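According to TrEMBL, the protein has these features:
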type: DOMAIN; residues: 8-122; note: domain 'Tetrahydrofolate dehydrogenase/cyclohydrolase catalytic'
type: DOMAIN; residues: 141-281; note: domain 'Tetrahydrofolate dehydrogenase/cyclohydrolase NAD(P)-binding'
type: BINDING; residues: Gly167, Arg168, Ser169; note: NADP(+) binding site
Amino acid sequence: MVISMKLLEGKKVAAALDETMTQRVAELKKKGVTPGLAVILVGDNSASAVYVRNKKRRAEKLGINFQLIHFEKTVSEAELLSKIDELNNDQAVDGFIVQLPVPDHIDEDKVIEAIDPHKDVDGFTPISVGNLWIGTPLTKPATASGILMMLDHYNVDLDGKNVVIVGRSNIVGKPTAALMLDRNATVTITHSHTKNLKEITSKADVLVVAIGKAKFITQDYVKDQAIVIDVGMDRDENGKLCGDVDFEDVKDKAAMMTPVPGGVGPMTITALVDQVIELAEGRANG
Ligand SMILES: Nc1nc2c(c(=O)[nH]1)N[C@@H](CN(C=O)c1ccc(C(=O)N[C@@H](CCC(=O)O)C(=O)O)cc1)CN2
């Protein structure tokens, strides 16, 4: 018997969620509030430029005021911190982010710490992270939140599920673990020093992979009928965009899978704009 795998199509989910978000923005505008999102981009990283352009497009499509602050790669840390201070105090900006990575001469931690946690729509400040882990998030990191929004859309219940996350980054691995723990999943975080990785991943009901290694996860890492979430954004041997999971190899073993592109990526932007609208709703309700 051939059981077909269900594709978790983030791109389609994002488009579906746009409808309700557009309505929420329209309601806010009736109350005289326009949600505001600012993005600070430093330098000329071409991938970052694409992501920021996509954020701008989505925000503006929904009626959010979008402001791009683009600095040369030589900008001083002091200048960047001063702009962050300005945005912290700008009433029209509900939330803002500093697109990562920043150039080496800038201390990323210092920059993140300067962001007001109440406007930190990336959920990266230490206060935001602390609140996330105690289960009272002010804001949620966009990729992790986007994954949860997508699983909710497909009615995937995480309660009691064995979740294994491959990758322990602050942007994806750790916040995804926190959010899934909050949904009563049993969560294991694995990383480059984990022994017997295959043994662990092949017991996962839900496998989340964010390690930045093209097609690393093959079917021998995957439990039969697992849900596989691929956060990777890599290039294969032909320079084609691919994920950390070998899609062709795994697709007949998994019950559900995200494609790359069109899976987690678009949900990251959805979660970001959702967060901005939520903060604006808070502003409108005083
Ligand atoms: N301040 C932040 N910096 C970075 C974050 C972040 O969440 N906050 N995450 C990543 C980049 N990122 C968002 O910023 C991001 C990456 C990818 C996508 C996406 O939609 N990808 C598409 C494919 C795009 C392509 O063709 O290259 C897809 O998966 O379909 C959205 C957002 C690092 N920096």
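Each residue's number is its place along the chain shown, starting with 1.
The backbone N, Cα and C atoms fix where each Cβ goes, glycine too.
Model, not experiment: these values are computed from the prediction.
Following the DSSP three-state reduction, the secondary structure of Gly167 (NADP(+) binding site) is coil. The local packing around Arg168 (NADP(+) binding site), expressed as other Cβ atoms within 10 Å of its Cβ over all shown chains, amounts to 17.
Listed in sequence order, Gly173, Ile189, Thr190, His191, Val208, Val209, Ala210, Ile211, Gly212, Val231 are the same-chain residues at least 6 apart in sequence whose CB falls under 8 Å from the CB of Gly167 (NADP(+) binding site). Applying an 8 A CB threshold to same-chain residues 6+ apart, the list for Ser169 (NADP(+) binding site) reads Ala210. Residues belonging to the domain 'Tetrahydrofolate dehydrogenase/cyclohydrolase NAD(P)-binding' (141-281) score a mean pLDDT of 97 in the model. Sequence-ordered, the extra residues of this chain that approach the NADP(+) site, with Cβ no more than 8 Å from the Cβ center of Gly167, Arg168, Ser169, are Ile165, Val166, Asn170, Ile171, Val172, Gly173, Lys174, Ile189, His191, Ala210, Ile211.
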